[in-house]
Every structure is written in C-alpha cells, then in structure tokens.
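Feature annotations, courtesy of TrEMBL:
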type: DOMAIN; residues: 646-706; note: domain 'CBS'
type: REGION; residues: 1-45; note: region 'Disordered'
type: TRANSMEM; residues: 107-131; note: transmembrane segment
type: TRANSMEM; residues: 151-177; note: transmembrane segment
type: TRANSMEM; residues: 267-290; note: transmembrane segment
type: TRANSMEM; residues: 302-320; note: transmembrane segment
type: TRANSMEM; residues: 332-351; note: transmembrane segment
type: TRANSMEM; residues: 357-375; note: transmembrane segment
type: TRANSMEM; residues: 387-409; note: transmembrane segment
type: TRANSMEM; residues: 450-475; note: transmembrane segment
type: TRANSMEM; residues: 482-501; note: transmembrane segment
Amino acid sequence: MAPRDQSCGDGGEVDPEGGIEAPLLSSGSSFFQDPAHEDGDGDEEARRRRRRFLLAGRSQSNTTSQVALVGVGVCPIESLDYELIENEVFKQDWRARGRGHILRYVALKWALCFLVGVLSAAAGFVANLGVENVAGAKFVVTSNLMLAGRYGTAFAVFLVSNFALTMLATVLTVYVAPAAAGSGIPEVKAYLNGVDAPDIFSLKTLVVKIVGCIAAVSSSLHVGKAGPLVHTGACIASILGQGGSSKYHLTCKWLRYFKNDRDRRDLVTCGAGAGIAAAFRAPVGGVLFALEAVSSWWRSALLWRAFFTTAMVAVVLRALIDFCKSDKCGLFGKGGLIMFDVTSDYITYHLVDLPPVITLGVLGGVLGSLHNFFLDKLTFRKGQKYKLLLAAVVTICTSCCLFGLPWIASCKPCPSDTEEACPSIGRSGATYGRLVGMLIGSQSTLDHGLFAVLGSAALLGGSMRMTVSVCVVILELTNNLLMLPLVMLVLLISKTVADAFNANIYDLLVKLKGFPYLEGHVEPYMRQLSVSDVVTGPLQAFNGIEKVGHIVHVLRTTGHNGFPVVDEPPFSDSPVLFGLVLRAHLLVLLRKKDFIPNCSASALDASKQFLPHDFAKPGSGKHDRIEEIEFSAEELEMFVDLHPFTNTSPYTVVETMSLAKAHVLFREVGLRHLLVLPKSSKRAPVVGILTRHDFMPEHILGLHPFLFKTRWKKVRFGKSAFTNLVF
C-alpha cells in the first residue's frame, strides 16, 4: 500500500518510493523515538522512515468495474453501510436514549411495515384494475368487430392498440425512468446484497413502474406483473424508510430512526415479499419468496415483520376485491382476468401417475435452463432508438401471432352447462404442461388442467430455481393441499436438472447487469489464497488530527469511501490503528467547517457541535460530493480532529487469513470495509482494506491467472447445487 506521509503537518503528495516494502524495524530504531529529541535533519529522516514503514503492499489498483447496467442505462454503484458506526457521536446518542426512544423505534418499525403492506396492496390492486379495464376494453371492441364479420378492422384495432400501449411503456421507461426497465428483481436482489445504485427506488421509478406495468400487460405482451410488483413493493418500502425529507420539510425527530442502511434493508425485504403477496394473493408465499430468492441476510425478527406486512396485503386486497364485486370498479373489476381467482376440484392420483409427473419435471428443468441459456447469450445493450425499434418489432410480431394463430385451429362449441361466457382470452392454462398431458395423458389418471399447473411449476423451478416459495404460492392459488406432493416432486426434479446446466435467471441477470454480487458460497480457488494475495493499493490513510487541505485533496482524487485513521507520536507511543472514518462523515465535517487552527487535540465536545442526524444516511442512490463544498486558502491550512467521528471498532482480519474465510465474514456480517492488519507488530498498523470488489472472480483471477486451471468442475457446471454442497 502507498499512503501519503503520515506526519501531522505534511500535506504533500504520495512519496515516489511508495512501492518499497516496509522494512522490519527493531524497537530501538529511531522510528520509535520521540521526534522532539531529534534535530532538524533527524526530523526529516524520521519522517522518511515512517513513510517507508507505512508504504507496504501492492501498488496495483483494483480495476473491477464500478458501474452497472440499471434498467436501460449504465450507472455508478456504491456499497451499503450495514455495519454500525460506533464513534463518539453514535455512543453519546445511544446513551441519551431512554425507554421512550426505544418504544418509538419499535412502534415505527411495525407502523412502516403496516404502511408498506397497505400501499403495496393498493399498488397491486391499481395495476390489476388498470389492466382489466384497458385490456378488457380492447378485447370487447375487437370481439364485437369479429362477431360483425369485420376481421380486417378488428385486426387493425388489435394491432394499433397493442402498439400504442407498448410504445407508451417503452417511452416512459427509456426517457423518464430508465431504472424502471425490466422486472426489477435483479436490482432488488443486488440491493439486499449490499449494492446501491441511483434511482432504483425513487418516486419517479415507482410511478413509471406502475403505469408501464399496466400498459405492457394490457398490450398482450407475454409479460407478467409479479416482477414489477416486487420492485414496486421495494420502492414503496424504500421511500417510506427514507427517514423524512428536508426538501419537503418532513424532518420530525422520530423519522430519523430509519436513516440507516440496516433498517432500510429490512424494510425493503418486507416490501419485496409484499409485492409477491399483492401479485398472487399469497402472503406466506411472499415471505418465502423474500427469504429464498432475494434476501442475503435473514433473522427471526425480520420473519415476523415480513409476515405481518404480507398479511396486511392479503387483508387489504380482499377488502378491495369485495368492494369491486358491487360493480364499482369499471369494466371488469372482479379479479377474474389476472387476479388469479383460482379454484380446484378434488383430485386423486396413484403410483401410475408418477412417471408422467417425473417426465414433466425433467422436461421443465431442461426447458428452464435452455431459457436461461438463451437469455444469457442473446441479451445485449444498445441505444435508446434501438430499444424503441425493438419494442415496436416485438409488439407487432406478438399481435400478428395472437390474432393469426387461432385461425389455424378449428373452433369448438362451448359446453352446454357453462354458467358464464365461453372462456377464451386470459383463461388458458400452462401450454407446456397441458401439451405434455395431452401427449402422455393416456398413461395417467390426472386431469389436463392439473398437468397445466404442474407444467407451470416445472418451468418456474427450471428457470428461477425456487422451490419452497413457488410451491406455497401454487397451493395458495389453488387452495388444494392434495397437490402438495406432486408440486414438490416436480419442483425438486426440475431444479436439480436445471442446476446441472447453468445458474438461475436472477443470478444470470445480476451478472449481466454487472452488479458486484457476493455469492452465498465460496469459490474453491479462494481456499488457496490468503487475504494479502488480493489486497491492492494505493491505500489512503489519515492521521487522527489531519490537515483540511489533504483531506480535500484525497477526496477529490480518489473514490474511496472508507479511510483508516492512524495515530502517530506524539499522540501515541507508536503508530496505531485508531479506526475507520467514512467519506460521508468527512464530507459532513468539511461542510460544517468546524476546524481547529493547529495540529493539537480539540477540546470541543463533538456531541454538542454535531447532532446524530447530521451523519444520517441520505436516501438510496443519493450521495454528497466534495466538489459542492468551497474552501478558502486559510481553511485549507487548518486542521480537523477525526477522533470523535471515527469508528473505533471496525472489523479486521489478519493478512494471513484465507480469502475464503474472509469472504464468509464479509458477506455474513454485511460489511462494506474490512481492514487487513499485518501479522508482525513491527510493520504498518494497517496494510489494506478489502471491499466487495476484492472478492469478485474477475479481480482475483486477474491477479492470479494460474487459478483458471484449478477451478475444477465449477467451469463446467457453473454455480450448481452440486458444487454448493461440496464447497
């Protein structure tokens, strides 16, 4: 590492000898002597020795990409601070809190979960109602024209309406809120793993997501609302968890409790589960989806709040659907078209039915992995005009197929005992499962409709690799526990088969978008490396009392978000790591401009100069910039005491720790920075910092190309269940 000169008054550049390894010095070296006892030349020589002493490690920088594809645009990304910053201001704030503060904090958690559930249900209801009315009006006009024998006009109306709706959704997404593109689940999954990006949960994204979902689903495209509603629920949770807004004068003291990434993460997790509950009216399935598919950290307290949130979704949806049964919600409004108001008759199955069901699961796994393969190979990014052209071509082709293909098959009369209009659009089963049922149904006693449901489960298991959550969602939809063994069997088989070929669709999309996602398992080659093998530099460190000009220079010339704070003589007997200070906290100090004139310990009480909410985390994707702060020449020559604002208990590891073990610690605790300490006490007090980018395979294998030969079956099988179990 190559930090700058650590002397308190020197704000110079990094020493050109930064690549020199720090020498091992004995306790009798002049490095440890009191500088006050040295003459002028000795002073300069001591500073040079200290400089060499702290310049340890690699000079190579981490070149891992700091941007990712969010929606339809490339955005800079940041990591989230899930770690509690235990500095003096934080400790004073906690000591000042009484029972009333704790009760308000707990009450606020449950109140926000209640609001997330209610608003997510309302958003899902609006999306359902909008699609039912817009798509319903289109189908009514088209059907009337068809019954009148005006087939050409009917096709024109069908095509033009689909084209207009698709282009409305596309234009809004491309030009108004690019972060609203796609399902949004990869962004939610990355956020809950610790990756933040601008605008992924903004109010603009939320509005465009709802309107675009209504337009896209109404345009007869083969897209659903489950993914968008997951993103919608996460947006609602994130906006409610912003902790107030100075822009809109919502700055009550009790709102500041949630101005941290840890509580927002939990609330967004509840919002993601609420989205699934709103899409399928499956509250338990929503909780399990959040646990199985998107969440990277889980605990029992979060389980209760997530369940409470999804329960509120179910209650509110039920009330709204009952309200619409009085014909007050427009053209349809009864939940029959896309609210999945499914009923199931009593079913029976025998041992002879298992081979067809197993075949269904195997084929579902193969087809699901094939879908993921084509998605991985054919997805690419182009400009805005290309996206508009692509959307236009897709909607035209889809409309032609939907209108033209039914002419190939002959019509059949509706059953005479049908109590409602002959089912057509929106009532078809899962084509794949029904087709398999028709082909091998003679060897089974199962109904073709049951094959359709099992086929849906098989494809979901083969593509998304979810088992428990999909199983519960299907059971909550059909209201039939007798299907449980068959659904479980199909999901287990399809997931196992698909895992032998590639990763699940969400992991592939996260990788395609470039998010630095930390996997839950350790790559085998990480066990061959120690932490020191991947630490790169240069490392920028600050003194406990640092010159303002140097802090400004480092913040303007680097993108680091955490800096070690090292105390040196005369503030300590020897160089010692005091802690870690965040860029965001440094910006607060610089903006406040509460500087001291000389390099001496400040007698001011930081808790009286700063309030706890001064250091509160801004909303998702919002970050202060050093370029927005202006300094005079006199201010740049002053000093700032970093001790009260430094996290004195950061997580640390010894440089000899295996990279695999450090990876487990980093992910399980949810860290942003992990300090690397030397094995020898006679070296620099800190030799590097690990961030999530240091655990990325492209970085590790770039530093150590020989590891390509030792990756064993991970190259063939990808991130499969087999290697997860072995390693």
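Each residue's number is its place along the chain shown, starting with 1.
Glycine is no exception: its Cβ is also placed from the backbone N, Cα and C atoms.
Keep in mind that what you see is a predicted model, and the values were worked out from it rather than measured.
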Review point. With pairs closer than 6 in sequence left out, are the transmembrane segment (482-501) and the transmembrane segment (357-375) joined by 3 or more CB pairs under 8 Å?
Key: yes
Suppose I define contact as three or more CB-CB distances under 8 A, residues 6 or more apart in sequence; do the transmembrane segment (107-131) and the transmembrane segment (267-290) meet it? yes
The domain 'CBS' (646-706) resolves under DSSP into 24 helix, 12 strand, 25 coil
Same-chain residues at least 6 beyond the ends of the transmembrane segment (267-290) with a Cβ under 8 Å from one of its Cβ atoms are 112-113, 116-117, 120-121, 123-125, 188, 191-192, 201, 224-226, 229-238, 240-241, 258, 302-303, 305-307, 309-314, 317-318, 339-340, 466, 468-470, 472-473, 476-477
Restricted to the domain 'CBS' (646-706), the mean pLDDT of the model is 90
